[in-house]
Structures are given as structure tokens and as C-alpha cells.
Amino acid sequence: MAFRFHIAAAILALVFTIVHASDPSPLQDFCVAVPDANAGVFVNGKICKDPKLVEAEDFFFPGLNEPGSTSNPLGSNVTTVNVNQIPGLNTLGVSLARIDFAPYGLNPPHTHPRATEILVVLEGTLLVGFVTSNPGMNMKNKLFTKVLNPGDVFLFPEGLIHFQFNKGHSNAVAFAGLSSQNPGVITIANAVFGSKPPISRDVLTKAFQVDKNVVKYLQSQFWRDNHYYP
Ligand SMILES: *[C@@H]1O[C@H](CO)[C@@H](O)[C@H](O)[C@H]1NC(C)=O
């Protein structure tokens, strides 16, 4: 009986760790992160500053009215404000980004492994979309896409591949809320073709069903990250 209970408890514990995909809930008002780069101890999240030493600055970040520079090949710049910019975000499960686009600028297909994203357009016209995970045998991943104008809000569910493209010939600006203090970003092209060390050419040639020279060409590109961490 006791043994069975233990098995059930173990299974439940496992299920809960699997189901609980987003940031864990805080266990106190706040747990302002201390710079822990040299702490020599690594925890899930960051260790807390003494609450008596916490000040308003710990919850503050200025300057998001300034556009990030879009003079790069993608014509976009994602200025991220996460727990590394605002230490007070530690354990609170949210963060923010400002995304600037030059005319025809692109925030290329990417995913946030730990966050859902809700985006609002302030300026310009964006073609956005996300693709579902593999739906099943012989079925295609479904694209949900939309053209957004100022004031429009669009949602990108956690973990799914998405993009934003400025289809107008003026600049565009959007802000995004993300459901993690540290959403993470995997830019698909960078991760697949720009990793170090590189993924074996045999693997990519077969995965993408192309000639080896196509993979060679793609791997020789400089896959720049359009994210900026002030
Ligand atoms: C993004 O903008 C910042 C601030 O203007 C700049 O320092 C950074 O180099 C830009 N990043 C890219 C990829 O252009």
C-alpha cells in the first residue's frame, strides 16, 4: 500500500514537472537578482539580494523610447529587457522587448523555448506568423499568419517558430511582452547553419534534402544575431 502510494507520488511529481513548462511562481514578494557571475554557485534563475538592500532602481530600466540600430543585413533589432537588465524580474515570469524594423526589415524565424509572446505594433505594417509543431503523420505544420497595423496585437504561443517582417517602405516598431524572466531565443538559421562547431554537413544535407554545396554555402554565411542586450 505504502509502496503504491510512493509510486503514485513519484508519477505525479514527474507529471507536474512536465506540465509546468513556464517560469515557476515566486515564493516571496520579490527575489531581486544579484550579479552572480562570480558566485560559483548556479541555481535555476538567480540568487536573491538581501530584501533590505533592494531599491527602486532594481525594478527600473530607462531608454526604451530609443530605437535599436537596424543597419544590419536583417534590417531589424530586438532590444531585450529581461532579468539581466532588470534584476527585480527574477522569479516573476515576465519580460519585455522592443523590436525595430527598417523598411523590409525582418525578425527571422525563431522560437523562445521558455515563453509565450504577445506583440503590439506601434508603427508600420508587419507581416507576422507562427507555425504549429508537427501535427501528425502525413500532415503539414500549419502556418497562422496576419498583416498587422498600428494598434494590432498578435500572439505567438510558447516554443513555436515565428517571424515578423516589415512589408512597408517606412520604419516599423513593435513591443512584445514575454512570459518568462529569461525567454531565450533560438534563431533557426543561426542555430542550424551557424553553430560552433558546425553540425556535420552529412546531417544537414540529408535533413534539408539539398546538394552538399548548398549546405556548404549556408554554413559559410555569417549568421548575425539581431538581439541587443543593453
Ligand atoms: C542594435 O542596436 C544597438 C543600439 O543602437 C546597437 O548597439 C547594436 O549593435 C544593434 N544590433 C544589431 C544586430 O544591429
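Just so it is clear, glycine is given a Cβ too, placed from its N, Cα and C backbone atoms.
Heads up, TrEMBL stuff is auto-annotated, nobody curated it.
Feature annotations, courtesy of TrEMBL:
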BINDING   N107, H112, E117  oxalate binding site
BINDING   H110, H112, E117, H162  Mn(2+) binding site
DISULFID  C31-C48  disulfide bond
DOMAIN    62-216  domain 'Cupin type-1'
SIGNAL    1-21  signal peptide
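The 10 Å shell around the Cβ of C48 (disulfide bond) contains 18 further Cβ atoms across the protein chains shown. The local packing around H112 (oxalate binding site), expressed as other Cβ atoms within 10 Å of its Cβ over all shown chains, amounts to 24.
Note on the domain 'Cupin type-1' (62-216): mean pLDDT across this stretch is 97. In three-state terms derived from DSSP, C31 (disulfide bond) belongs to neither a helical nor a strand segment and is classed as coil. Comparing H162 (Mn(2+) binding site) with N107 (oxalate binding site), their Cα atoms are 9 Å apart once rounded. Cβ environment of H110 (Mn(2+) binding site): I161, H162, F163, V185, I186, T187, I188 lie under 8 Å away, each six or more residues apart in the same chain. The Cβ of C31 (disulfide bond) has G45, K46, C48, K49, N90, T91 as same-chain neighbours under 8 Å, each 6 or more residues away in sequence. Following the DSSP three-state reduction, the secondary structure of H112 (oxalate binding site) is coil.
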